[in-house]
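Trainee: The domain 'Aspartate/ornithine carbamoyltransferase carbamoyl-P binding' annotation in TrEMBL covers 6-145. The carbamoyl phosphate binding site feature in TrEMBL is assigned to Ser55, Thr56, Arg57, Thr58, Gln82, Arg106, His133, Pro134, Cys135, Gln136, Cys261, Leu262, Arg289. Per TrEMBL, domain 'Aspartate/ornithine carbamoyltransferase Asp/Orn-binding' is recorded for 152-299. Sequence annotations record features per position, and here TrEMBL assigns L-ornithine binding site to Asn164, Asp221, Ser225, Met226.
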Amino acid sequence: MLMAPRHFITLMDLSKDELKTLIARAIELKAMRYANKRYEPFKNKVLAMIFEKSSTRTRVSFETAMSQCGGSAIFLSPADTQLGRGEPIEDTARVLSSMVDCVMIRTYAHEKVELFAKYAKVPVINALTDMYHPCQLLADIQTYIEHRGSIQGKKVAWIGDGNNMCHSYIRAAHQFDFELAIASPIGYQPNANLVAEFKEHVSLSTAPAQAVTNADLVTTDVWASMGQEKEHAKRAQVFAPYQVDSHLMSLAKPEALFMHCLPAHRGEEVSAKVIDGPQSVVWDQAENRLHSQKALLEFLLAD
Ligand code: CP
Ligand code: NVA
């Protein structure tokens, strides 16, 4: 009997130990890349990448990961596939599963990725939904570890929208065992069930200063995510007191890092001085998408 494939829909799909090993492997794969070591475990493997939203980092990192490891990737957008003309997700999942070795999806409704995975016979990776962005968290944790060592027991401050990234941070707090202090305005707070489920690791307030006090890592994200473009003006008003600027950073520990999944809006959720300043590790974070996703693909594609 064929074993059911492992998927990566949220951070809970891997055990704490598996995640720890995966991050360590990402660091190793990065060193191998820097040493120009040839490593092609994905020879003849194909990744299908369905993008229903825009992407720079996710697309390029997955495609490059497949290519550098000897495999290939196919970019699929709704504009040029039958998905855009209403072919059911279940049918698409069955068809792609019969041809490729792994499928990556970026879409709106989280349920769509879950449905795809239910009908897929190959591993499915969530490359961002309205609810979660687990791949980004792999890169973020790798980056923290590279700069500061273990994140266990550390304090992370999430400032701003209670969005997909915030939800993945909540799950990461549990999986990697750190304290997460979230500051979001009323009406834009993260999913209440998720906060309640992980309350041992997560606290919620409307006060950015309180959240960043003594933090080891300060992180934020855009005020209007993909699909919320029309709310931008209103959100800009509501979120104005939530900008991560030098004053806010000064309340965190002196050695605190600043992270942002990118793309960023300087002068909105973060000041230019902070994102371009010495505490910011956003470029390492972006690069680590490549290395951590290689480790993820290696894990999922293992025979
Ligand atoms: N951080 C991130 O996922 O970036 P892209 O939207 O460019 O893929
Ligand atoms: N919260 C952002 C993340 C982009 C990588 C969005 O969903 O648009």
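Placed from the backbone N, Cα and C atoms, the Cβ positions cover glycine too.
I would like each feature placed in context: is it buried or exposed, what are its neighbours, and how far apart are things?
Mentor: Residue counts for the domain 'Aspartate/ornithine carbamoyltransferase carbamoyl-P binding' (6-145) under DSSP, split into helix (H, G, I), strand (E, B) and coil, are 72 helix, 20 strand, 48 coil.
If you draw a 10 Å sphere around the CB of Cys135 (carbamoyl phosphate binding site), it holds 26 other CB atoms from the protein chains shown.
Computed over the domain 'Aspartate/ornithine carbamoyltransferase Asp/Orn-binding' (152-299), the whole-number mean pLDDT of the model equals 98.
Cβ-based neighbour count (10 Å, all protein chains) for Asp221 (L-ornithine binding site) stands at 25.
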Trainee: Give me the count of other Cβ atoms within 10 A of the Cβ belonging to Gln82 (carbamoyl phosphate binding site).
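Mentor: Result for Gln82 (carbamoyl phosphate binding site): 13 neighbouring Cβ atoms inside 10 Å.
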Trainee: If the carbamoyl phosphate binders are Ser55, Thr56, Arg57, Thr58, Gln82, Arg106, His133, Pro134, Cys135, Gln136, Cys261, Leu262, Arg289 per the record, what's the largest distance between their Cα atoms, in Å?
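Mentor: Spelled out: the longest distance between any two Cα atoms in Ser55, Thr56, Arg57, Thr58, Gln82, Arg106, His133, Pro134, Cys135, Gln136, Cys261, Leu262, Arg289 is 31 Å.
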Trainee: Here's one to test understanding: among the binding-site residues Arg57, Gln82, His133, Cys135, Arg289, whose C-alpha is closest in space to the C-alpha of Asn164 (L-ornithine binding site)?
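Mentor: Checked the binding-site residues Arg57, Gln82, His133, Cys135, Arg289; minimum Cα distance to Asn164 (L-ornithine binding site) goes to His133.
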Trainee: So among Asp221, Ser225, Met226, all listed as binding-site residues, which is physically nearest to Arg289 (carbamoyl phosphate binding site)? Use the C-alpha atoms.
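Mentor: Of all the candidates listed, Asp221 is nearest in space.
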Trainee: Here the binding-site residues are Arg57, His133, Arg289; which one has the lowest number of other Cβ atoms no more than 10 Å from its Cβ?
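Mentor: Arg57, out of the binding-site residues Arg57, His133, Arg289, has the fewest neighbouring Cβ atoms within 10 Å.
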